[in-house]
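Undergrad: My structure is below; once you've seen it, I'll send some questions.
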Amino acid sequence: MGRFIFLSFGLLVVFLSLSGTGADCPSGWSSYEGHCYKPFNEQKNWADAENFCTQQHTGGHLVSFHSTEEADFVVKLAFQNFGHGIFWMGLSNVWNQCSWQWSSAAKLKYEAWAEESYCVYFKSTNNKWRSRACRMEAYFVCEFQA
């Protein structure tokens with residue numbers, strides 16, 4: 001009886017110590033602060049990459065950053081897996097919801113935008129953001145909440 005209780009307690013300790021770690025993420029995914037991340041070694045345009053991420057796991061999307069530490073973790077993950085490269089993140093102006101205003105403070109009434117949308121990427125060598133046309137291809141990192 002004492003051996004059963006000891007074994008049960010031991011299993012409980014192991015289970016509790018694994019919660020909140022990489023054990024919450026599927027094989028091949030990396031865990032950080034309750035989210036799972038995976039860089040993919042194939043290039044897609046931004047929309048196709050986002051669509052791909054939504055198909056990988058419920059709640060999946062292109063990576064979004066909410067702290068320097070999170071960005072550093074993902075940049076390091078991308079570099080360790082694939083070396084140098086550029087990777088899409090989930091930030092874009094695809095929906096063109098920017099609030100534009102003329103320097104004269106006049107309201108924008110006339111528009112003649114080109115159809116080009118811009119999306120944001122990071123280099124696997126640092127976590128500085130840059131933008132490029134969403135139609136161009138890049139590697140990407142998917143994320144979902146564990």
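Glycine residues also receive a Cβ, built from the backbone N, Cα and C atoms like all the rest.
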Undergrad: Of the listed cysteines CYS36, CYS53, CYS98, which one does Swiss-Prot record as disulfide-linked to CYS142?
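TA: Going by Swiss-Prot, CYS142 is disulfide-bonded to CYS53.
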Undergrad: Which of CYS98, CYS119 is the other half of the disulfide bond that Swiss-Prot records for CYS134?
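TA: Of the candidates CYS98, CYS119, the one Swiss-Prot pairs with CYS134 is CYS119.
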Undergrad: Would you mind reading off the Cα separation of CYS119 (disulfide bond) from CYS53 (disulfide bond), to the nearest angstrom?
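TA: Here the two Cα atoms lie 16 Å apart.
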Undergrad: Out of CYS119, CYS134, CYS142, which of the disulfide-bonded residues is least crowded by other Cβ atoms within 10 Å?
TA: CYS134
Undergrad: Tell me the Cα distance separating CYS36 (disulfide bond) from SER64 (Ca(2+) binding site), rounded to the nearest angstrom.
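TA: Computed Cα spacing between SER64 (Ca(2+) binding site) and CYS36 (disulfide bond) is 12 Å.
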Undergrad: Please identify, among the disulfide-bonded residues CYS25, CYS36, CYS53, CYS134, CYS142, the one with the smallest Cα-Cα distance to GLU70 (Ca(2+) binding site).
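TA: Smallest Cα separation from GLU70 (Ca(2+) binding site) among CYS25, CYS36, CYS53, CYS134, CYS142: CYS36.
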